Every structure is written in structure tokens, then in C-alpha cells.
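*Asks:* Below: one structure in C-alpha cells.
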Amino acid sequence: MAGQQFQYDDSGNTFFYFLTSFVGLIVIPATYYLWPRDQNAEQLRLKSLRRVHGRCLWYRLRLMKSQQSIVPTLKKAALLFGWAVFLLLAYKVSKLDREYQEYNPYEVLNLDPGASLSEIKKQYRVLSLKFHPDKGGDQDTFMRIAKAYNALTNEQSRQNWEMYGNPDGPGALALPCLNYVIVLLVYGLAFMVILPVVVGTWWYRSIRYSGDQILINTTQLFMHFMYKTPNMNMKRLGMVLTAAFEFDPRSNKEATIRPTDNIVVPQLIRELGNINVKKKEPPFCYPYSLKARVLVLAHLARMDVSEELEEDQRFVVRKSPALLQEMINVGCQLTMMANSRGGFHAPRLGTIENCMRLTQMIVQGLQESKSPLLQLPHFEEEHLRYCNSKKYKVRSLQDLVSMKDSDRRSMLRFLGEEKYEEVMAVLGSFPHLTMDIKLQVLDDEDSNNITAGSIVTVTVTLTRKRMAVRTDTEVTSAVSKTLTNSIFLPCVCIFVVYHWRAVLTVLAAAASTAAAKEEEDDASDKGSESDEGEVNKDSASERDDDSDKQSDTEVDEMEWEALQQSIQRRERALLETKSKVTHPVYSLYFPEEKQEWWWLYIADRRDQTLVSVPYHVCTLKDTEEVELKFPAPSKTGNYQYSVILRSDSFMGLDQIKPLKVNKVQYSCVCACVCVCVWVGGYRWSRVFTVFLTSHVNHYLA
């Protein structure tokens, strides 16, 4: 083993390799994740949004933050310092003496291999007198001589050298005496302080927060009150929302209770009026819950608050949409539990829809009873009388869009030319969605036949466009087209009534001409048919069977292709990660940039129940396809459902489309099995099930 080529670092230069690698492992990933993004690109994006979103609160706060923040500068400075240290260490490593050689104690003592012990001792005394520091020799040379002498005279060192090529044993690494303390400190700091703190913080946070970064205690609170009050009105819903533990300073460090709250909050309560302050039910009576409720109601009323409360109000408003989404998730979970287990009342459809409406209200800073037109800039309460007059009767954004430009300009005469252009620009940026609905039963032989217990798939294709404002020319052409379609048919009917003799004459002449042409064609085809009679001996019934088989094959192939396309589409959706950055929402009073998201679900509005779980559409930019699934009803009959699309940001843009589920029937197999179980028991039901599965469906087809 002594002849193996081992390298032994006696000078401690390997420490710098270790330190360079350690610093590089920190600096390179930190630069990738923490380096501030291009500020110029953000400034250009904000500049492009200025014409439409310039008056939004979030836009003004973003501009102030980008101008005043020094965090990007500090990040850049720290990362540049790390790179400077890394490059300095790399330069140091490049200058080190890396001429490592095989360690041979005989060569150090200038002896031949196999020298006797007396020769080793004699040579050591000679070299000691020459290189001993007390005799004026070099200390490093003397240390190497002493190490070689010990390696040849000490039995353990000699065995280590013979076996591993190193007197200190396998894997020995010499470090400079000045650096081993630093190495121990670095290792101790990294593995005994930083790593336990990071793991402990992550674990503590993971057990306190859900996957959506909502406190577990808040989720339990929402579940308790939605279980306790299945039918929750808007006032009660606001109380439950503001009782979330995110607003409690004991659970969330971002929430604050100020000494001035005892003075400022009661003033707001007097201005707001009745907000059910005297209710003693916990946690609604706690100070943090009362303060959050007052701030939310002041936000919905668009009231000015003091500077002390302004920051707290922005915090509460910014947290509310995520909390309301958690309430919707809790309501859906309770609904599924009630449908599968029973034993308690599921939350009503109105409760879940109130959560969605409250989200719209908080994002736009509007009360439920207010007009959607107040989402536009420069619109105030006193201006609505112009829109609601008998002449115009404009009560929604869609009514405002569909007006003639001259009528719209006349109605909005209280706006100057510049303000009017801004209103039109904002109105044109609002979304206009169309829904294309397709109902089918996937993974079944007949995708159009809905049987009891089958899984019905409703594929909804959403297409987003801007809410384009019509001009006078477009309105005129649309009106003329409508008038043409509505007048053309009555005119034709009147013509036929008054000129029925002429019409009958023309029809009779056309019929006689067609009959004569058919007779000529038949006469010309008789000769060819007689010649080909022996060749073509297939009967009419056989040809019909072949055509039926061919049509069935084509239908099966089309259904198979549709099924494969659906499977591939679902696989791509699972593998593909779409960005949740869609379109910025125009909101005058929301303190954070909000993206356009939507809820899509199926509901039975007559029974006030959910049919499918609301799907949160967070990636809709232009077009998106969403699949909603629900089990078919167990009872036969016709069902009238509704496909509902709700915005989580805008008021007055929700859409409801009817969904008709045709007569739901029991499958023959299920019905016959039920009869067999009733008549002959389980054994006969199994036998008959096998028979039906293999034969009945073929004959039904």
C-alpha cells in the first residue's frame, strides 16, 4: 500500500479550496434568486398602465415604493460583496503552491528505502544539528524531518504510512494552525445555529399555516361558524371575516393594536352607525375583531380615516380576499361532507355566493346596494341621477357600453373632455367574457346518454375580450341589421298572402320541370343497370347493414378521438404550469395590485345547492377551457341547473347560463340487478349482471 499515489497537504492550502467552494455555494444561488429584477422593465410596465390605472390606489403606492425603497440597493450591495469575497478567494487559490508529491519519509531523511533503525537515528541526529531552530536552522524543514523520523520509528505511524501512504492515517487533512478555529466556528454556526433555526422556523410555520398561507386556527374558526350558521347573510359574514386570527396581534405580528385605537375607533363607530357593537358573542366582541370590522365597513363606505388607522386599514383590506377564498373552500368541504355522510346541514348556496360578492365589494370599495357605475373614475353619487333618468335608464356597465356615443356624451355632460376620455379608456379595459358550454359523459360508450350515478362532465370554454365601447356607426349598423331581420320575414309572408296564385304557378312549373328531368335520368340509367345486375348482387338489406356498420364505426372512431383528445388535454393541463398574472384590475381603493380571477361553478338555484365545486379560474388571459364534473342525480327526470361565472374583482359582470340535463334514466344493468336482488338474492344478481354486461348493451345499440 506504500506505493499508492496519495497527496498530503502539509501546508494547509486545502483550506482555501474548501472556503472558496463554501462561499460559491452560497453566492451563486443567492444571486439567482435574490438579485433585484430589472427596475427599468417595471417602470416601463407601470408607465404603460398609467393611462388606465393612474388613479388607482395600488398604482400610486407602487410608484412611491419604487421611488423610496432602498431594499434593492442593499440586496445588490450584499451580493456584490459576496462575489468580491468569492473572487478574492479564487485568486488566492490560483496562486497557491499545488505541487503535492507522494510523501516518503526516507526521501525527507535522505536515506535509502530499507535503512536500519540505527541508520535512521544517526541521520536524524545529523539533520537535527543542522536544521534545529536553536542552531539557526529552518523551523518548517525541522518539522518535516521530525515527522519523517516519527513515521519510521513509531510503530503506529509506520503502519499508517505503509498502509495509507500517510503517517496520520486515512483521509488526514492538515490545516494551518491559524485557521482551524475559523473552520470550527463556521461549521458550528452553520450546523448548530443556522440549520436548526431554519428547520425550526419552517416547522413552526408549517403547523400553523395551511397551504394557502392561512392560519389553521382561522380555518377552524370559519368551519365552526359555517357549520353553526349554514345560511349566513352579508352582515354576519363580515363579522366572521373580521374575526380571523390574522388580525389578532397575538397570532400575527403584522397586526397591531395602537394606544390611540381607544379614541379613533369609537369615533368611526359613531360615524358608521349601527354595526352591532353590543354583541357579546366571542370572538366578535374582542378588540381586534371590532377594529377590523370597523375598518372594513369604513372601506366599503369610502370614508376617510386618520393617518394612524390608514396603514391598519390597508393591511386588513389586503388580507380579506384570501380569507374569503378560504371561507369558500371551507363551505365547499362542508357541502361535500354533508352530501357524502349527512347528519348536518350544508352551507346554503347564498352563503357561498355572499362570500364571492363580499370579495368584489372589498376589491372595489363599494357597498352591496351601490351602483356598479361607481367603479369608474369621476363618478359620484350625485352623478347617478343623470344615468338613472327616464330618458337613458343606464344602471349597469353593459348599458353604458351599448349606448350611442352621442347619447353617452350627452348623459355624461358633467364630465370634461379629458375626464370623459379617461372614463371611456377605463370602461374599455373592463373584461367581457363569453361562455361556450358542452355537456357529456366521458369514459362511457354513449357520451350523450346520462344514466343515474354517472359522472357528468361540463366543458366550459371561456373567452375574454375587452369591453369595447361602440361608436355611433356600429350602433346604427347593429340596429339596421336587427330591423332588417325583423322586417324581412313579415314582408315575405304578406307577399305570399296577397300573391298566392302566382306563387302556386311558379311552384307547379318548377315541380314539373324537376319530374321531367328525373324521367330522363331514369331512362338513361336502365341500360347500365341491366349490364351490372349480375355483378352487383347485394340485396338492399345487406347494403343497409353495411352502411349502418360503417356509420357506427365512424361514430365510434369520432368518440374515441374525442376521448383521446380530452385525456391529452388533461395531461397537458397537469404538466403545464400557467402564470397567475392575467390582467390588472381597475380598483380605485384597493391597496395592492390585483389580478383578474373568476369563479366558475354549477348550481341548482331552485334548491339553493351547489352541484359542482367552484373552480377558481386564475390563469385566464385570452381563452381557457375548464371541466366541471358532478354525479348525475339518482332520480329520473329533467333537471334545470345554472352555470355561473362570477368575478372576484368586479361588480356587475357576473354571468348565469341555464344548463338543461335531459331525462336521467336508470341503466338496464342496474335496474335488472335490482330486480334480481329483490327476487332471487345476491347469487342470481351476480349471474345476471355478467349476462347483461356482455349482451344487453349490444342489443340496445
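Cβ atoms are placed via backbone N, Cα and C, with glycine included.
Whatever TrEMBL says is automated annotation, not expert-curated.
From a predicted model like this one, the values you see are computed outputs, not experimental measurements.
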*Asks:* Can you check which of 70-91, 488-509 TrEMBL lists as transmembrane segment?
*Replies:* 70-91
*Asks:* Near the transmembrane segment (70-91), which same-chain residues lie under 8 Å Cβ to Cβ, leaving out any that are not at least 6 residues past its ends?
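*Replies:* Contacts of the transmembrane segment (70-91) (Cβ under 8 Å, skipping residues fewer than 6 from its ends): 16, 19-20, 23-24, 26-27, 30-31, 34-36, 39.
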*Asks:* Taking a Cβ cut-off under 8 Å, which residues six or more beyond the ends of the transmembrane segment (180-204) line up next to it in the same chain?
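*Replies:* Non-local partners: 15, 18, 22.
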*Asks:* By DSSP, how many residues in the domain 'J' (104-165) are helix, how many strand, and how many coil?
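*Replies:* The composition, in the requested order, is 47 helix, 0 strand, 15 coil.
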